[in-house]
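Only one structure is covered here, and it is reproduced in the block below.
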């Protein structure tokens, strides 16, 4: 049930606007999520401080200091320094996350959902770029746009076909006939005949030019929706009021949500951490970015840029930066107004990540563009930090995974950490336990703020590293003049699901075609390295001795294979390297698209409530069980060593 409250708007606009209470999530649930995110921002600083204190003490233990032997010059010191680098590399992304989130502690902003009332509304041009997607997907999105709760004479729908398909052209003609009897909205089909750029932004600029040259002229606002995204009926009435409140607001975005993610999947993950955390934090810091779909832009703001910038395939971030450089504002509204499809197979999902990473490296150079020199310094730093974090975390985690393997293979029975006395070892373990405890609480409340759609195991997407690195390589080669062409994300939905294929073919599709042979080699190497690091030959008696050692740990074991951070990173690397292998053995069950939709009396498709509500609590608890044991060992190890 909607709860609306009238409030006076500026006389300048003359529009009637009301606040709105969404039906989902319920108000009580939404309040809990907001409190959880607020708590997470307050925990970010303690997590950051304890993490930095832990590493500072680890470095201090490795340096010569009064009254202690110079362990930094011991024969195996380089192994200990290497493992310290491994720890720092694995912890970098979380440390940067603590830093970013802590900045929003006193500035956390939740924008009030609004609704534009009555039929006096501004004009909107809806742009739907497409290129090779399935006809049924295209049809459902166009129809959902056509029946939007908005006066039909105040918006138009442009289907921009970069595939130049006669089938799509005929489909649009059929929908035009269907709409004329139901909701007489103007629907236009157009395809670029000469493509000098394969970018989505170039296609959108083609649509802007069509609107400008039309008899009615361009609309006051431009809405953009990916062709596989089904909008909610009130999406335009929800976004337009934010524009009417501020004449300098150039673009407003809404979250991207998905209805086809297999339940319990460890491969096809959400982007909810960005939508439910970083997008809100960035908006609170006045550095929001366009989410790429389901956004509304002011036509005058886009005209001031001469359309959507085309320097990078990362057009959503790029247009946000260019708008702010021209002193336009960009905001994010935390209200779900679109539901689409993620690539539902490992092959298609990893190809999307390659594209994203190639765009991220592009942004490193774009940020140095003369067009962005007028960007405010704080927003330039935020944009640089976003790109820098993605790039640096990819490289450091990759080096840390290699370093962890080398530590296992060459360390033998040597200690992984520096300590000069039992007291120093106790202090190291105590700080490690404190840093992980505060980090765990932070991760838990972040997960709670998303309705447990995001897990609380750190580095839960490490298995994507080879594809991230591939994206960086693709972008680097493009800068050297090597051409490439990415397939539209919606077109990747056409890839076959390997679930019904024979095991041998599945293994080929995953291990060879998707390069997961890298994961298999690394997983086998980790197991071999762990075997090498165990003290003495592995027998039933030696394993029993290890079990007994847990109850009475020695400093030698506690500083090597039983060191809690080592076990944590070993667990992450083993489970993450096995993700694509597990997918090959038992691929996700992809539910038929029609089973995830319901159709109203006019045949318009809408995602079911069950498909929208993809809580992953049960799956997360199952996959995190062993990790909780590792976390428990942090505290138990510290207590046992202090009692010695």
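Using the three backbone atoms N, Cα and C, a Cβ is placed for every residue, glycine included.
TrEMBL entries are annotated by machine, without manual review.
Not measured: the values here are computed from a predicted model.
Transmembrane segment is the annotation TrEMBL gives to one range among 352-370, 409-427, 428-446, 447-465, and that range is 428-446.
Looking at the stretches 495-514, 515-534, 535-554, the one that TrEMBL records under the feature transmembrane segment is 515-534. Confidence over the domain 'Glycosyltransferase 2-like' (222-404), given as mean pLDDT on the 0 to 100 scale, stands at 85.
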